[in-house]
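Copied over from TrEMBL:
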- 25-40: compositional bias 'Polar residues' (COMPBIAS)
- 554-646: domain 'DYW' (DOMAIN)
- 25-46: region 'Disordered' (REGION)
- 83-118: repeat 'PPR' (REPEAT)
- 146-180: repeat 'PPR' (REPEAT)
- 207-237: repeat 'PPR' (REPEAT)
- 238-272: repeat 'PPR' (REPEAT)
- 308-338: repeat 'PPR' (REPEAT)
- 339-373: repeat 'PPR' (REPEAT)
Amino acid sequence: MRHFRNLRSSILPAAPPSYAKARSFSTTQHTQIATNSSPGPATRPDAIRHWDVSAANKQISRYVRAGDLDSALRLFNATPFKTTVTWNSILAYYAEKGGKLGDAQKLFDRIPEPDVVSCNTMLVCYLRDSGVEAAREFFHKMTVKDVASWNTLVTGFARSGRMREACDLFEAMPERNCVSWSAMVAGHVEAGDLGNAEKCFSAAPESVPAWTAMISGYMKFGKVDLAEKLFWDMRVKNLVTWNAMLAGYVENCEASDALKLFRVMVELGVRPNGTSFCSVLLGISNLSALSLGKQVHQLISKSPMMEDTTACTSLISMYCKCGVLDDAWRLFVEMRRKDLVTWNAMISGYAQHGAGMKALSLFDQMKEEGNKPDWITFVAVITACNHVGLVGLGVQHFESMKTDYSVEARPDHYTCMVDLFGRAGKLDKAVELIKGMPFPPHAPVFGTLLGACRVHKNVEIAEFASQNLRRVDPANAAGYVQLANAYASVNRWDQVSRVRRLMKESAVVKQPGCSWTEVGKVVHEFRSCDRLHPDLPSILEKLGELGKKMKAAGYVPEFEYALHDVGDEVKEQLLLGHSEKLAIAFGLMRTVGGVAIRVFKNLRVCGDCHTATKYISAIEGREIIVRDTTRFHHFKDGKCSCGDYW
């Protein structure tokens, strides 16, 4: 695990001017400002008039960029002499904002002499608010077009997945530029047609946008080596290119490579933006590398990016996923500008940590402040209900999505609802919900149901869930493993052996249990029954000592989680070798008292490890935080934050 060295805040630019909402100019005020700045009495009146308009246009543009339409309109209306640029400045706001097509059209119709910029801006409005067909109709009515006009429509069709129309428009273009070619490359990539993307790229003149689009394409299709080759072959790179590589590494589970590239980027003086930090912090979250996350936080705090909503939201998400909820909340409170993604990140953080009531309270606060929830918000809200057993409230929120907020239920919502019913033991309700889904059930729904069947030892429904999971996703090992676990929970070892044989015959490989913990800025990884870690002898010795103390305190190994038909002594050794126990023992050995131990696991924590960790937290007097695939468990003084409802 390599980490950052010599991160420098000085490479980032000074803070840009903040355009706070200014007081409106009266006509007199505006004229006076222009007069005071005018060259002198010898200047011709038309020159003064030109200067007035130019100054007003610049100020209107500043207001528009800051999102302050009210001030922009007041100055616009107070400006006695308007050029087409003046009108276009306001029109640009409607294009950027979206949902303002009616207002944009009214303004456009009032422009005395609309130019190609006016028309292109309206084209964007149509594309954003009414779709490609309405945009194409307006495009054909335009009396003047330039390459930007064609590029806008080509990009619109490409992003809509209508590559045939995009190709026809591309062929009909009177002239093309680098944006035209990059739009086609990106369109083919989005359509899943890497072959045509490569052909288009090969025919395109060398340009940063086209190369960047191809890099994104290779990353999307998992061809990391080809993306790397293109990237390092590029003679000129822009920030979008660097961001494409960072995002691609993270999406392809190469987070450590993303961090290495980010360090190179910083050392070369390339200024990261919110998108850069979003990818890097997501990679850090995936690695659970808290110390690196804190370094990036320091870098952001010494730069203008501390005012960037995207960067700060990514920090909140990172702290939540690394198990430091207090720091996430502190950042959330300090943020002056929050968007819906920020609220969702904090609500999701509370939900994943089992702080269901805090999550629900924050949800209410979000609505009170005028923020409309989206589908991601409701995933977090239902998850919050799920982890604290509020079944009725979870159902209520699920039903209110459509009726109160016009949010259509997605597969993720059904997965959360199945988990909600499953944890509460309402397996029949979960099955009923699955059978009533408005679209074909997906693999996670059946996998979630299988996990609940294992907990509640319901073999009949487990067989139903396993059969459907294997049908939907034959390569998914959970369809076999979880069914075998369900059989093992009721001691049906003959069926366990049968499922394992079937799994072997189907060439399906089980994902090995793996846990990792960060000690001394180094991430240490452990597998179940690990034989490779250099400190293994001392770790096993520590576990042996803990085992004796736990038994003296009343701990009894839960043999049903040792999924082999062997003697109790062997089962006890198998349980002792679970990856989370190895990671916890290592953390206890290598950290000083009072420091919380954070362990992250790629599978769900087993029941025996959950019980054992409660005992260890009391014996050692240490807080132990474990993140598995579903939630965080905070163990302290012999208790877990989940209240054993998990």
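Glycine is no exception: its Cβ is also placed from the backbone N, Cα and C atoms.
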Surrounding residues of the repeat 'PPR' (146-180) on its own chain - C-beta under 8 Å, 6+ positions past either end: 116, 119-120, 123-124, 127, 131-132, 135-136, 139, 186-188, 190-191, 193, 196, 204-205, 207-210
Chain residues in Cβ proximity to the repeat 'PPR' (339-373) (below 8 Å; excluding those fewer than six residues from its ends, i.e. six or more beyond): 309-310, 312-313, 316-317, 319-321, 323, 325, 328-329, 332, 379-381, 383-388, 390, 393, 405, 407, 631-634, 641-643
Taken over the repeat 'PPR' (308-338), the model's mean pLDDT: 94
Within-chain partners of the repeat 'PPR' (83-118) [C-beta distance under 8 Å, separation at least 6 from its ends]: 53, 56-57, 60-61, 64, 69, 72-73, 76, 124-126, 128-130, 144-146, 148-149
Residues in the repeat 'PPR' (207-237) grouped by DSSP into helix, strand and remaining coil: 23 helix, 0 strand, 8 coil
